[in-house]
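These come from TrEMBL:
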type     : residues : note
DNA_BIND : A:28-47  : DNA-binding region
DOMAIN   : A:5-65   : domain 'HTH tetR-type'
Protein chains: 2
Amino acid sequence: MPPAPVAREKVLEAFATILVTQGERAATLEAVAAQAGVSKGGLLYHFASKQALVDGLLGRLVDLAAADVIEMRSAPAGPVDHFLRTSAQSDTDFDRVYVAVTRLPQDTYPQARAALDEAHRGWQAAVLDAVGDPVLARAVVLMGDGLYLEASRTGDWDADSRSRRRTDAHVDELLALVDRISGATGAPADGRSEGATAG
Amino acid sequence: MPPAPVAREKVLEAFATILVTQGERAATLEAVAAQAGVSKGGLLYHFASKQALVDGLLGRLVDLAAADVIEMRSAPAGPVDHFLRTSAQSDTDFDRVYVAVTRLPQDTYPQARAALDEAHRGWQAAVLDAVGDPVLARAVVLMGDGLYLEASRTGDWDADSRSRRRTDAHVDELLALVDRISGATGAPADGRSEGATAG
DNA sequence: GTTACTGTACCGTCTGGACGGGTTACTACA
DNA sequence: TGTAGTAACCCGTCCAGACGGTACAGTAAC
């Protein structure tokens, strides 16, 4: 086997990072290559065009989203806890890629919208199974999106998460709120959403 | 008085529209001028540089945000109703400008983050006054952001809002949910958030 | 005469993409 | 063991076009 294509992963990661921190404008092939520590020619070897680069990022998103839903459903503290807690983070691969795709123009890349919708369907279904009520499930998913947006505003995308604890406390309160509602509205189907909310 | 500077408004509106529909990349001076029906020279007459154009958009955002908070606080159905309902829309000036600024790279334009934060503070305060509970207020504002993100994904930015009714129904359910919680948690301070939620 | 533009022409820089190398890892055959 | 071949991986450079911005001459309303 020839040398493992290490550049491909690095390029995708760099693309997402630049999209999030500096925006679509700054995400040029050269800038991405430089961030990845790869030459421009090396980048173009793996992704023959910018469209191919975007497609690669979208593929990565659907993979990570599928993995995230599986992780959600088997999370010890329940899907809701896992979902909201990770939504508030900004230091994992998945968060970075998700927000990166959010920054892409949805009109120019219709597949970006499709990928985001697919991720949402997975979340929605998992949360619904946990809380029972469709309206509450929708509210939870919306709050998750709000947390993503908040995290993307607040920044901290490469710093070593100094403000994590503060954000986590806020999420704890939200989880407690969801627990109260879900307890009052109807019995949860299977998700143990009251496990580790640290009241 | 010489002819009113009508081009200035059109340029700002065009800038926001292109940012939302086609992204930061496509928002070149020439493209903005063309979308506004103005010559490039005419655009540069009002905004001497791209930075000035961005500043103009940010100024417009803070103005519209301030007006929106006032409108919220005097809305017949209460601040929460007004907030969530307008968050789900995508056909008003304010929504377009808000999402447009969201699309700007926050690292490159720090004032964009400041403007967005200012808007959030206004919303948060108004919602808090209405629902009483800080955690619930935070949840509502997060849901509003989620609705903005959803609207920016779903599109409908220049179509004449065919799917408005469907979206509105979903918001009705969310408002009913918020009413139930706010009733159970504590008495609202002054906002009549149970007025027109169409239960 | 000032304000509010239109229109064209131009400059320096950056961008996506093409292209021609070059290195590494593995296989084929003797 | 040697050695030739192949293919995946990656580098560095080049170019036409687009970009932000400048300049300037002209037009029309007030």
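Backbone N, Cα and C atoms are what each Cβ position is placed from, and that goes for glycine too.
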Across the domain 'HTH tetR-type' (A:5-65), average pLDDT on the 0 to 100 scale: 90
For the domain 'HTH tetR-type' (A:5-65), residues assigned helix / strand / coil by DSSP: 52 helix, 0 strand, 9 coil
